[in-house]
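Chemist: Quick one: the structure is below, and I'll ask about it shortly.
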Amino acid sequence: MALVFSALLLLGLCGKISSEGQPAFHNTPGAMNYELPTTKYETQDTFNAGIVGPLYKMVHIFLSVVQPNDFPLDLIKKLIQNKKFDISVDSKEPEIIVLALKIALYEIGVLICAILGLLFIILMPLVGCFFCMCRCCNKCGGEMHQRQKQNAPCRRKCLGLSLLVICLLMSLGIIYGFVANQQTRTRIKGTQKLAKSNFRDFQTLLTETPKQIDYVVEQYTNTKNKAFSDLDGIGSVLGGRIKDQLKPKVTPVLEEIKAMATAIKQTKDALQNMSSSLKSLQDAATQLNTNLSSVRNSIENSLSSSDCTSDPASKICDSIRPSLSSLGSSLNSSQLPSVDRELNTVTEVDKTDLESLVKRGYTTIDEIPNTIQNQTVDVIKDVKNTLDSISSNIKDMSQSIPIEDMLLQVSHYLNNSNRYLNQELPKLEEYDSYWWLGGLIVCFLLTLIVTFFFLGLLCGVFGYDKHATPTRRGCVSNTGGIFLMAGVGFGFLFCWILMILVVLTFVVGANVEKLLCEPYENKKLLQVLDTPYLLKEQWQFYLSGMLFNNPDINMTFEQVYRDCKRGRGIYAAFQLENVVNVSDHFNIDQISENINTELENLNVNIDSIELLDNTGRKSLEDFAHSGIDTIDYSTYLKETEKSPTEVNLLTFASTLEAKANQLPEGKPKQAFLLDVQNIRAIHQHLLPPVQQSLNTLRQSVWTLQQTSNKLPEKVKKILASLDSVQHFLTNNVSLIVIGETKKFGKTILGYFEHYLHWVFYAITEKMTSCKPMATAMDSAVNGILCGYVADPLNLFWFGIGKATVLLLPAVIIAIKLAKYYRRMDSEDVYDDVETVPMKNLEIGSNGYHKDHLYGVHNPVMTSPSRY
């Protein structure tokens, strides 16, 4: 019923959504990742036996030894094909005989064990009966007489130890029986819980299916919102992509032009500084020369006075006179050429404001997103309307699926099934209580027998007195012997009944394990069901014939089980495409075409981009031909490297002052000292402006020298790069816009194709997972049949059978051991006085004193009481 529901559900869904061909599920850049909500089921996939698991494995190993043959796949097929064993004239009797022989050969291990069990069942009562009659005739150990032998203590100990070991092994088997019996009761009680768990899983499946449909519908809304987000931001998305393609080409040349604009400003500033420095230098040099000439003339006048011609001043004055020629300026700034022409040219170039033209080029590129955003307003609106209409269709489709009616029908079926199980499972528990009670009785019977043996050993061992003769044994020892014989009696009385139970449960349990549980675990049982023409002669594939009335569809139980176990959807697992092919109705291409038609109207027109106009180009060319590259900068640098004066004025002043101080007081001395002050004043006030002008001139020359280095070649290269980029923009920008527009359209379309492919995948592979079906099947076979019934049953017969089989040696040993513990009516005595302290008895024919043979009472040979 669940399968029918799922098929109807998918029919309703597939009738509204469409595509062609098997979906090529792929990832789209920027697309959303979809995943159906995970459904958590309650029932476990595997069944853990718990602490009794090793015991079950031990039984499985035993069964593998008894029945080592592989699952008889071919034999089972033959049996099913010959299910009508019509023993008639026309029947193929030899084939049936061969088949029976194959069955017997396969079951040889089980048959041997069963035959041995039957022999045990038949012989043990007979042996017990004959043994009882034999004992009643004072035979078979029934005579209360014991012949003492020298190895009697050793035999007693060996027999006692052997019986103890056997009883311990029997106890172990009885414990297995108790455990298995209790496991059966516990597991059967858990059957109802397991069944309810599976029903809850089916209810979860029914509950989650509408949620999965709602989730699929909601994901279209999320996909649409994602597309709307890209459409609303088409300027930044599409425009950004176009801009990103243009920037690597445009940015380098604009940066070069921008750097050249900066160089123009720097050149203009350097020329201005150079021009002003030249003027300042000429003025300062002229003033310096004038002042130095005045001081030189003053010194010459002092040297020409009469005071300097007479001794002793004449020698000093003569030493001053040669140095006067160096008191002057070394600069020749008036001969440095002017740079006013170059300055005027560069000033005119700078008026063009090349930097603003570069910014305009950048702005043209940066405005592309806004341009695209403004041009696509109407087209974006139409695309949104188309996507909204598809959204409305999907919502109408989801509302038109008769999901509620289907869920009600399936839920009603599940409720009826659950109600039926709730009514029948208590009966199963009632029957199980009978089995449990019977199992307890069996286990307690064996426990009683083993208890008698243990009590016999306990009383016999601890009550035995090695100094007491057989007729004088104590009460405790005698009681031990009686317990042993009681165990023997109960053993003969019940062992055959126990063996009947063991044989029946062994045959059933072993075959269930080997023919159902193991082949189900390795899926060979499903291979039997998948055999063509086996379950129905006219059908090649039984499952597809049963579900679709089309036995030619290659659908097998094993494949369906494997797919359901993996959590695959019902549509794919049961190949419902043979009922309704989603590909015939799920027309992804049609939906994609509708969206693509609207996206094709997305035309973007970007006017020709001009990075730099003719004015800017002319400015670059004028700058290249401004003449700054023809200036003889070495002349200026050579001039700036000169010292403003031919001699160091401070040194000259100090020398003059020292010589003046050597002169006697008079006018020359006073005049020289005044000249020293004037020289120092010239050095302090007139020399710094000259030096500053020289430094400024030097810095400006250096700047211009660097800027003008290969200036025409640089400008030519920039213009060539500009022409190349401009040519690229003129010829390729439209192609870039068209290409990126198509990519944008494909991205938007890809969102929906990705969504539609996912919907197809979700419907066919994930939606309405049939995992609960495989879990329910595992629960029925692995869980209930094998785990709850077969394994405890096998452990039960294994334990009880082990204890029952060990009864045989236990009975034999107990019979022999009882003679050593029970009090005898008579005994044999050795002639050796050291062995028995009674010698004055008649000698019998066998060498022993047997007083009772002659009717003479002998207190040593007889016991005062008899048990």
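Each residue, glycine too, has its Cβ placed from N, Cα and C.
Checked Swiss-Prot, it gives:
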CARBOHYD  N273  N-linked glycosylation site
CARBOHYD  N291  N-linked glycosylation site
CARBOHYD  N332  N-linked glycosylation site
CARBOHYD  N374  N-linked glycosylation site
CARBOHYD  N415  N-linked glycosylation site
CARBOHYD  N554  N-linked glycosylation site
CARBOHYD  N581  N-linked glycosylation site
CARBOHYD  N732  N-linked glycosylation site
MOD_RES   K226  N6-acetyllysine
MOD_RES   K258  N6-acetyllysine
MOD_RES   K265  N6-acetyllysine
MOD_RES   S865  phosphoserine
SIGNAL    1-19  signal peptide
TOPO_DOM  20-107  topological domain 'Extracellular'
TOPO_DOM  129-158  topological domain 'Cytoplasmic'
TOPO_DOM  180-434  topological domain 'Extracellular'
TOPO_DOM  456-487  topological domain 'Cytoplasmic'
TOPO_DOM  509-794  topological domain 'Extracellular'
TOPO_DOM  816-867  topological domain 'Cytoplasmic'
TRANSMEM  108-128  transmembrane segment
TRANSMEM  159-179  transmembrane segment
TRANSMEM  435-455  transmembrane segment
TRANSMEM  488-508  transmembrane segment
TRANSMEM  795-815  transmembrane segment
Chemist: Against the transmembrane segment (488-508), which of these stretches has the most C-beta pairs under 8 Å: 108-128, 159-179, 435-455, 795-815?
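Modeler: So the stretch in question is 108-128.
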Chemist: So which residues does the transmembrane segment (108-128) touch in its own chain, when a touch means Cβ under 8 Å and the partner is 6 or more beyond its ends?
Modeler: 65-69, 492-493, 495-496, 499-500, 502-503, 506-507, 510-511, 801, 804-805, 808
Chemist: Between N273, N291, N374, N554, N732, which of the glycosylation sites has the fewest other CB atoms within 10 angstroms in the structure shown?
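Modeler: Lowest Cβ count within 10 Å among the glycosylation sites (N273, N291, N374, N554, N732) is N374.
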Chemist: Residues with Cβ closer than 8 Å to the Cβ of K258 (N6-acetyllysine), same chain and 6+ apart in sequence?
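Modeler: Result: E355, V358.
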Chemist: Sorry to bug you, but what's the C-alpha spacing from K265 (N6-acetyllysine) to N273 (N-linked glycosylation site), rounded to the closest Å?
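Modeler: Their Cα atoms are separated by 12 Å.
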Chemist: Spatially speaking, which of the recorded positions K265, N291, N374, N554, N732 is closest to K226 (N6-acetyllysine)? Use C-alpha to C-alpha, please.
Modeler: N374
Chemist: Around K265 (N6-acetyllysine), which residues of its chain at least 6 apart sit with Cβ under 8 Å of its Cβ?
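Modeler: Within the chain, K265 (N6-acetyllysine) has Cβ neighbours under 8 Å at D350, E355.
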Chemist: Using C-alpha positions only, work out which of the glycosylation sites N374, N415, N732 is nearest to N291 (N-linked glycosylation site).
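Modeler: With Cα distances computed to N291 (N-linked glycosylation site), the winner among N374, N415, N732 is N732.
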Chemist: Relative to the Cβ of N415 (N-linked glycosylation site), which residues of the same chain, six or more apart in sequence, are found under 8 Å away?
Modeler: none
Chemist: According to DSSP, does K226 (N6-acetyllysine) sit in a helix, a strand, or coil?
Modeler: helix
